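A.B. asks: What follows is a structure written as structure tokens; I'll ask about it next.
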Amino acid sequence: MGSLPQLSIVKGLQQDFVPRALHRIFEEQQLRHADKVALIYQPSTTGQGMAPSQSSYRQMNERANRAARLLVAETHGRFLQPNSDGDFIVAVCMQPSEGLVTTLLAIWKAGGAYLPIDPSFPANRIHHILLEAKPTLVIRDDDIDAGRFQGTPTLSTTELYAKSLQLAGSNLLSEEMLRGGNDHIAIVLYTSGSTGVPKGVRLPHESILNRLQWQWATFPYTANEAVSVFKTALTFVDSIAELWGPLMCGLAILVVPKAVTKDPQRLVALLERYKIRRLVLVPTLLRSLLMYLKMEGGGAAQKLLYNLQIWVCSGEPLSVSLASSFFDYFDEGVHRLYNFYGSTEVLGDVTYFACESKKQLSLYDNVPIGIPLSNTVVYLLDADYRPVKNGEIGEIFASGLNLAAGYVNGRDPERFLENPLAVEKKYARLYRTGDYGSLKNGSIMYEGRTDSQVKIRGHRVDLSEVEKNVAELPLVDKAIVLCYHAGQVDQAILAFVKLRDDAPMVTEMQMEARLKDKLADYMTPQVVILEHVPLLVNGKVDRQALLKTYETANNNEGDSSIVLDFDYSQVPEDLKLTARDLFETVGGVIGRSTRATLAPHSNFYELGGNSLNSIFTVTLLREKGYNIGISEFIAAKNLGEIIEKMAANHDAVQLEEESLNACPHLKMEAVPLRLEHRQEVIDIIVASFYNKADLEQWLKPGVLRTDYSDILNDIWNVLVERDLSFVVYDTNTDRIIGTALNFDARNEPEVDIKSKLLIVFEFLEFCEGPIRDNYLPKGLNQILHSFMMGTAEKLNPRENIACMHFMEHEVLRVAREKQFAGIFTTNTSPLTQQLADVYHYKTLLNFQVNEYVHSDGSRPFGDAPDEQRAIVHWKEVGK
């Protein structure tokens, strides 16, 4: 007898729920915690050592009450009416500040809903929002021109709080509020619309409360958790739980200025200072922070952000590789990473998944989006609204208490449907997400979009909206807008444009400047002007060909005829080497898509830089020996300032012995390898190659730590006898911090390798053997083979570079002293490849690692990226 098929319907836990107005919950907290700190704010421009401003729960509540009374009076006094949905909306155009949070609370207390307008929004977007949502008032920062709001009444924050100063500070009674306190909608957030026009999502108090109650039950605040952080843009739905979750539980909120959020160095310092224990962020910011943490704090005894134990990723797809790299830095079982899925229409989150370990993540091709939140149900439906079977792909629909009330002016009613599958009243409505999903082993997997929407830095962007704005430019004949590598590090919105035949000369950057007046920053595409639009046989646009065009132009290893333009004319003579290092590094990171000359006056971000590749650029500069901080790099107005900082902080790497030590506190001395060094050398090599090796990472989990020690134990006595290897002592601590292992290439011992490391050694022989046997000097004492070099795990990046430089110089000294003809080595690490360039090694082979075919026909390094290379180098020691 057959069994019934399991259908893709997943129900969250059922929690008791009593609808309440959110500001009333805050008022209860104020009674319990009147004198506790509620708000902490330190402007990004505040001088060093100055105390941040703080407000207690009582102060915040009374100030909000007075402001609320003024808002009610202004509304009645100006005879202002609710909009067509019956909502009293107050738009807020303010930067993150202490006053911003109090103003939002005041709007609720007055009986209104707040609608955030980012100060950076272009005029046409603001105009559309005001025209459609019809807010009664706009509250703005003092320095924002009231004329931007085109006739809608405005109040500056100074006016709001000055005029309300004499009003009562007690809580408002329901009858004092707009609509007698029958406030239903709490927040209106504008998102990208499928028709190319932004639409406002109406979020009720009860939906927000259900989302918060699930959070409080699932991730309760601990006794030692005093401060939480508010750093997400107010226009982004994740700001709701980030801001109001802690304030309705008696915690303090640390308001982070935008400038700090964009600077990993300052953000990490702030999170450390206040011992923040949880953080909500988009995967892009997580990647930036992990890069920074590994660069700055990976070797510290107490890791940076160790106190931050709950990490929530939301707003973009979370890749398995990024989630795994989280556990490369943080501890499994101590630190937790969560993948949240949703949209503004479901309060940002309707499902979640807990990432627990690298082993767990290795079971997935993509990180699941998990299971539903409390009081919600997720359905995967086919085109006829019938649940699909487990494992099949269906469109994701959500129902329950997390749903929005709909859109402003009742737009797009087809997105909110009557639920034919509902039994209980709270599940009577369905929201159509426009995403595909499948149910596998109890978890929902994200399977892509049904339309042209993508997530950019956590913001939902409909490509049709971008395309509509591009097509409206007067010179454009045809526009096609696509997203390159959606959800990945190099994600980009691209506008492929064919100009009208009669169009005058115009550059891509000029067109982008025009679009910045029409679109938000995160929506502004990179323009690519085409001579003709490629078509498929059926006459449709060949979108893959367009993406390939962009990819080819951005591939640094691709068309060698594409040359980046560097202008050194304004660089002082003594800084030209430094400038060359910077320009080449920036060009390599940003790629050939930059259409501007790299010159001292160039701005990194205008060239195409962003927060993620700024960290990568600094990492590469540090590998070249330049000690420049992330904050210094980000704050620089142009490349000229960066050149000066690079030169001031650390001169370009020199080969002279007195300049080798990039860390003055390290006093290094090379000592020939001795028998008693065995364990320390093994520890260093194992740590260097097991944890950081560029080839072995693709063979895990098959490679063990003991595999390295077995090989070294086998050859140890020979290494010592040959007297070509050495260790490096830090004479301040009398500890070994590095080791270089060398052999005569014509007199190497045979080793019986039974582990998976045999693949690595066979690959190295594949690269080196033909060159060594056919092109290098014959006989003994001719080729010094530098085959292993490692540094102590405790060294920070600067110390690591200094030690590597010292060892490279010492290998040269050994080769000369022992009268070898030259040094032979294969470098698989970007750092040692850079050092080989510095020491003028000759490249004999540059091999793409993922193309190696093993003797059994497999490609053991097939998952390596195309840019990972193994470079065989040779240096004649007399040169």
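Placed from the backbone N, Cα and C atoms, the Cβ positions cover glycine too.
According to Swiss-Prot, the record shows the following:
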type: REGION; residues: 26-540; note: region 'Adenylation'
type: DOMAIN; residues: 573-650; note: domain 'Carrier'
type: MOD_RES; residues: Ser611; note: O-(pantetheine 4'-phosphoryl)serine
type: REGION; residues: 666-679; note: region 'Condensation'
type: BINDING; residues: Glu696; note: histamine binding site
type: BINDING; residues: Glu696; note: dopamine binding site
type: BINDING; residues: Thr825, Asn827; note: beta-alanine binding site
A.B. asks: Do you know the mean pLDDT across the domain 'Carrier' (573-650)?
C.D. replies: 81
A.B. asks: Please report the Cα separation of Thr825 (beta-alanine binding site) and Glu696 (histamine binding site) in Å, rounded to an integer.
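C.D. replies: About 18 Å separates the two Cα atoms.
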A.B. asks: Excluding the flanking five residues on each side, which residues at least 6 beyond the ends of the region 'Condensation' (666-679) place their CB within less than 8 Å of a CB in that stretch?
C.D. replies: 712-713, 716-717, 719-720, 723, 725-732, 736-739, 741, 799, 802-803, 806-807, 810
A.B. asks: Check each residue in the chain of Asn827 (beta-alanine binding site) that is at least six apart in sequence and keep those whose C-beta is under 8 Å from its C-beta; list them in sequence order.
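C.D. replies: Expected: Gln833, Leu835, Ala836, Ala870, Ile871, His873.
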A.B. asks: Counting each residue once, how many in the region 'Condensation' (666-679) are helix, strand and coil under DSSP?
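C.D. replies: The breakdown for the region 'Condensation' (666-679) reads 5 helix, 5 strand, 4 coil.
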A.B. asks: Indicate whether the residue listed as 'histamine binding site' is helix, strand or coil by DSSP.
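C.D. replies: SS state of the residue listed as 'histamine binding site' = helix.
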A.B. asks: May I have the DSSP-based helix, strand and coil counts for the residues of the domain 'Carrier' (573-650)?
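C.D. replies: Result for the domain 'Carrier' (573-650), in helix, strand, coil order: 48 helix, 1 strand, 29 coil.
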A.B. asks: Once the chains shown are all counted, how many other Cβ atoms turn up within 10 Å of the Cβ of Thr825 (beta-alanine binding site)?
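C.D. replies: If we count other Cβ atoms within 10 Å of Thr825 (beta-alanine binding site), we arrive at 23.
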A.B. asks: Just to confirm: which same-chain residues, 6+ apart in sequence, have a Cβ under 8 Å from the Cβ of Glu696 (histamine binding site)?
C.D. replies: Phe689, Tyr690, Val703, Leu757, Val760
